[in-house]
Structure formats: structure tokens, C-alpha cells
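The block underneath contains the structure these notes are about, expressed in C-alpha cells.
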Amino acid sequence: MVLASLAAWSRALAVLFLTLPVAHVAAHEDKLFTSSVTYCAEPRALLIQQFNVQYVRANNSIIFDIQAASVEDNLNVNGNLMLTVYGMNSLNVSIDLCSIANGALCPLPTYNFNGSAVIPLDFYSNLFDVSQHVPTIAYIVPDIEAFAQLTLTRVEDGEVVACVQSTLSNGWSLHQPPATWATAVIAIIALLAALFQSRFQASRPVTTASSPSYATTRFIDLMQFFQHICITGLVSINYPLAYRQFVLNFAWAFGLIRISSIQHAIDNLRHHTGGKLPDGSLDAVDYTNRKLSPYNIPAGAGSVNLAVPAVVTRQQENALPPGIPTFVNSLGISNQNAFLTLFFTLLLCICAAIAFFGIIYGCLLLVERLRKERTPEWVVRFRGDFPQVLKAHAVLLAFFCLLPVMTLAFFQWSFKDSWFAVLVSVLVFLAVLVGAVYPLGRTFMASRRVGADALQSQPELAFALPLFAQFRAPRWSFMDTTIVSFFVKALVLVCGRPHGLFQVIFLLVLEALALLALCFVRPHKSRGGDAFAIFLAVVRLVTVALLIPFAQHLNIKPIPRAALGMGSAVVSSATVVVLFFSILINALWGTFRVPNPLRAWRERRVQTPRSSGSATAAGDADNDSWAQGKPWSPTASAKAYMSDLPPRPGPPELESRFATPARDFGPRASGYTVSSLPSDILWPPSSPGHPPPSSPSSYGRPLSGTAGYGFASAPPTPSASSSAFHSPPTPSAASSAFHSAATHPRLDSVSEHSGDLDGIREHRRSSDTSVSSRTERERQR
């Protein structure tokens, strides 16, 4: 029923996701408008404060809103309008301003003017036709890389008196606030699922079976993948604008959440603690080098220097370098505020966690006070184990903060500013590093003391289970490689900023090594866990490999780069969807205990008693291979193997009733038969699958003319076999036969290969107790 409801919800969500974009596309209006305005030359005669222009395709009209001022008298100018889309000139026309508006703009007015109007271009079709020069795809491609440049030259000498560049947008973008909220909600759902399932683990003793559920593992995978997407946006390469905007949706996973009041508080704090750098962030598009996206001006096509309103310069150093500076400034956060933004975000998360866990603990106390003696057992245990739960989630928080703190702390140390920011970065770096490494150090010391197989049964290591419980016991330290990779990635991103291609290659090598380690080591407890980890590693490797064409030295054309960027965004988005459904399924399986049909079928197959004929045949086959000296291999489970063995003999008080030795049949077996014991004692009901045989056993055979049953012993030596054949056994010999059966070589093999020895021993003890009680009743009779 749960699966049916899940399928119904999946179909409903699919229909919703498919219909919403269609409705939005239908309501979207095809238009192009300016998104940013910068100077491309020093303004000498014309100052522009605002320049908003919008072209509407439906009515072929232009809507403009301009604030400008002319500072020179009798200035007659000609205009040139150039439209560049993905580095290609799609429009280049010259405009005679004296022929527009009946010569009102010739000469230009010498006063400040603020004007807005709607100009139908059908009246100027003889000058240029915009609809013929702009393709249809320009209205639907998200984050289009296009800009328009208006150049005004003096009529008399052709001198450039004003040059304005304006990037264009069509309203579509991969950076969407709903997408940011959706990813955050997915992370919250994963956290709640892991926390809710930890209640079941906290209500049981800490054993291998009570290790953290798959929901906790999936939560770790999800946060690591979100941070990986951010990492792919911090490399110093020429990103296409679409992928740069896509990566901003996951900036919250790096702790970069912009709150205006917090940014103002950080600026004041820096200035009071020795900070000299200016306040405020820079516009990532306005301050982009003109050789990079979204301008894509070739190096030989005129000036590519940066010039922005009110800061006119031809120096390349004033441009925002690609990588971390462009990433943080795109969020409205300045370079010098990046780490302190992460610090205050971390403080807010800690406060929210304290409030959340405080409410849970208060609810547990309230239930105990109200229910008193009727308090559920799981509530009592959960409250008793609450400190371990808090420690475990503190370890998870330190692990998630390790990569962002390392990266932004190294970035903070790369320039001199406030001493408070440097001090806080050092303290937080050490605290997070200790919080993530200390559990692994405690686990290492415990593994030296008790062995790797007993780590998950140590109560003092319960807080560290989220970091290594998903791995097999011999591979518990596999998480160390992840922490080392975090440190290396942070160093490469900060110290290798001038060399983008080197950064990409280094990250690619790290991801390739991680994939190879997963393929050869296979650290997880199940094949499904290894397969899913390998899938995520392959996705990380592919997304990093797709960054290679973005290197500036390769000079890849803008359109292929944009296509690869969108493809990488699609791959990452699909992986997030897969992770979401994996979290949802694991949460349902772990919370509602939905049975696994395949596992239940396997258990029923193992527990089904065999018939005497099949058991005898299987025993003969096993005994033949054993008698021939072939090594035994545990191809079946311990229960199936034990069902093929004869039952263990009764207690020592029955030894006196063994009177007649069994005839030696060679190397197979020798034993003793009992003719006076009833079958319900020799074959107790606690031995499933072993009814009294009607034919000779494969290990011990009854004598001719007797009604007893033979018990097998270990294969005797020739001398022992001969003595057993010619003389009756003494009580000590009978006792030796009992104990030799208890030390059967095949039972030793089971002890080596079976993981259920405690259950086997308990089964034997219960069988001995049952036989003893029945023997006592026989004596009383």
C-alpha cells in the first residue's frame, strides 16, 4: 500500500513539474532587455546615469528609459549600434541622430534630461529591422550571452564621445530562488529522516544491527554532492553564464547566504577591527573581463579593457578574476566578507539546532512526567542516549563544514584586512578540523585495542558511527580519504587561482582516484551501497571533466561552451533528483519497516526443513568430497549446512547405555548404537530437519538386527578403527566418542565461516537441556 501511494505521488509530481513549465512558457513574453550597463570608453561629452532599453518582439517596438546629460555645447554626433550574441556580430548599423525625431537630437541638448518612451520600429524599417537580425532561439535560451554596444562619435572628426555596453537578457535564467528553496527542503527532509530513524537506533543497544541507517548515509551523500556542485563553480576558468548562474542555487551548502543586515554588520565589524577594504560587493557582470562570458570579445577585436559607470579605467586589475571572487560577488557578498558570512551562517545553524533538539528533549521529559510508570520504553532509552545523538549530529555538522571552512579560510588569509576576521577564521578552522578528525582518531585507537570487527559494538564510539558505520569493518577508515581530499581541494582552489587549467586537471585526478578506490576497495557493507557510491563518483568525475573546455587557454567557442555548461547542469540536476528519491525510499523503508520481498524469500528458503532423503543425499555428497580430501567451501548458509549434519549426542549420563560398538566402515565413520533409548530422546524435537532415519545414516549405521541409531565420530586412525572393531568400548571410550562428535572437523569449518555461532551454541544448549529433562522423566518412570 505504501508503494502504491508512493507511485501515485510520483505520477502527480511528474505531471505537476511537466505542466508548470508549459504554463510558464505560454505566459512568457518574447523580449530582450538590458540587464547591466557599463562604459566602454571614457565619457567626455556625454554622461549616462541610467540606460534601460527593452525590445518586445510581439509588436516590434522598443521601450527605453534614459537618464543622461551633455556637457559640451553644439555637439553633433552619429551613432553606431552593434549587437553581439555568443561572440558573433549579428547586428551592426549606423544611425544618423539628426534624422531622428525631426532633428531634436542634433545638436545634443546641454541639460540633464530624463526620458522614457515607446518607439514602434515599424516606422524605422528603412533604417534597420531588428526582427530579422535576432533569431528565435535568442528568446528562449536561458542566460543568453549577448550585449549591445552604442558608440557616439563626433560628426566633425569622428572622435568617440561616448560608448556604452549593455548586456541583454530574455528573462530566462538557471538561477531561480525556488530552486534554491527546493534543494534546501530536500536537505531538511533528508536530515529529518536520518534523525527520525536514529530514534530506533537509540532505543536499541549499539550493535552492528543498530548502526546508522541508510537515511543518514544518503544525507551525507546529498550534502557532499551539493558542495561538489559549488566546487565546480569556484575554479578560475571562463564559465558560460548559464552554468555560473546554475551553481549559485547551491551556494547555501557552502554557508554563503546573503542577508542585508548581516552584511552591514560585518562591514562595521571589519572597520572597527582594522579593516581597510571598501564596503559592498561588485557586480559580477559589470566587472567581468570583456574577453570572458557574457561578452566574449576576442583579444584582437579592439579594446577588451574593463570600464564601468563612475569607475572609468583601462586596467585589467580592476576586473573581477574568475573563480571564488566572481562566485561570492555574484551573490552580493564582497571578497572580504566571505568567511565572516560563513561564520554567522554557522552560528545561526547552531542556534537553530540547539532550539530544535531542546524542543525534542523537552517533549521527552514531558512524556515521562505525564505517563510516569506507563512511559514507553523507547522514550526512556532515547532520553538516556540523547547525549550520544547530540554528539553524532555535532560530528556531522563539523564534517559538512570542513570543506567550506577550509576553502574560505584559506581565501581569507590571502589578503590582509580585519584582524578579527583572521582570528575567527583560525579558531573556526581548528574547531571544525578537530570535530571531524577527533572521532576518527578515537576510532583508530579503539581498533588497535579491540579490533576493527568490534568497533560498532563499542558504546563510547556511538557518536562517531555516522562517519564509518556505512563501511565494512576492515574498511572503516575509508572516510579518511574524503577528509584528505577536502584539504587538497581547498588548497588547489585558493593557491592555484591564476592557473585554471591546472586546477581542473588536479580536481579531475582526485575524482579519478576516488572512483578507482571505490571500484577496487568496495568499502560499503552491501553491493547496493558500493554501486550507488560508484554512481556518484562517476557523476562527479564527469562534471569535473566537463570543466576542461572552459579553460581560457583552449579558446573554445562560446556556443559549445554554453551547450556543455547546460549539459553539466542537467547531469547534476538529474543526480539531485536520484538522491531525493533514494532518500525518500530509504526513509519509507526504514520508518515503516516495509519488508524486502527478495530477502524474505531467501530466509524462507533457508529455514524450510529438508526431507530425510534429500538430507541424506546431501550428506553423502558432502561426505564423499570430504573423504576424498577435497577442501570444504561454505556455499550455503550455516543453518543449511548444519541441517545436513547428524545431531549432537546426549549428555554424559547417557554414556552408560551405549553397549554395542558400531562396525567400522572404513574412513567414513565409527560410532556406537543404542537399542534401549526411545527415538524422542535420541532425536529431540529441537533438532529441526532430522527425523529418525529409516535407512542407514551416512556417518553412522545401526548394527544388523538392532533398533538403535548410530552416532558419527571423527574419522578414526587405522589403529583406532581396528580396536573399535574387535573389542567393546569402555565408558571412557564412549565418552571419547561423544566428545569427538562434538569436535567434528566439519563443525570446526562451520565455526570458521559462520557468523551465527552464538545462535548455534544456544540451539545446542537447548537440545541438551531437553534431552536431560526427558531422561530424568524416564528414570522416574
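Every residue, even glycine, has its Cβ placed from backbone N, Cα and C.
Unlike curated entries, TrEMBL annotations are predicted automatically.
These features come from TrEMBL:
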- 611-620: compositional bias 'Low complexity' (COMPBIAS)
- 696-744: compositional bias 'Low complexity' (COMPBIAS)
- 745-767: compositional bias 'Basic and acidic residues' (COMPBIAS)
- 1-27: signal peptide (SIGNAL)
- 179-196: transmembrane segment (TRANSMEM)
- 338-367: transmembrane segment (TRANSMEM)
- 388-413: transmembrane segment (TRANSMEM)
- 419-440: transmembrane segment (TRANSMEM)
- 500-520: transmembrane segment (TRANSMEM)
- 532-551: transmembrane segment (TRANSMEM)
- 563-589: transmembrane segment (TRANSMEM)
Residues of the parent chain within Cβ reach of the transmembrane segment (500-520), under 8 Å, 6 or more residues beyond its termini: 231, 235-238, 322-323, 478, 481, 485, 488-489, 492-493, 530, 533-534, 537-538, 540-541, 544-545, 547-548, 550-554
Recorded stretch that, among 179-196, 338-367, 388-413, 419-440, has the most CB pairs under 8 Å to the transmembrane segment (563-589): 179-196
Same-chain residue ranges lying at least 6 outside the transmembrane segment (179-196) that approach it to Cβ under 8 Å: 212-213, 215-216, 218-219, 222-223, 226, 248-253, 393, 576, 579-580, 583-584, 586-587, 590-591
Residue numbers, six or more beyond the limits of the transmembrane segment (419-440), whose CB comes under 8 Å of its CB atoms: 269-270, 273-275, 336, 339-340, 343, 346, 394-395, 397-399, 401-402, 405-406, 408-409, 412-413, 461, 463-464, 467-468, 477, 479-480, 483
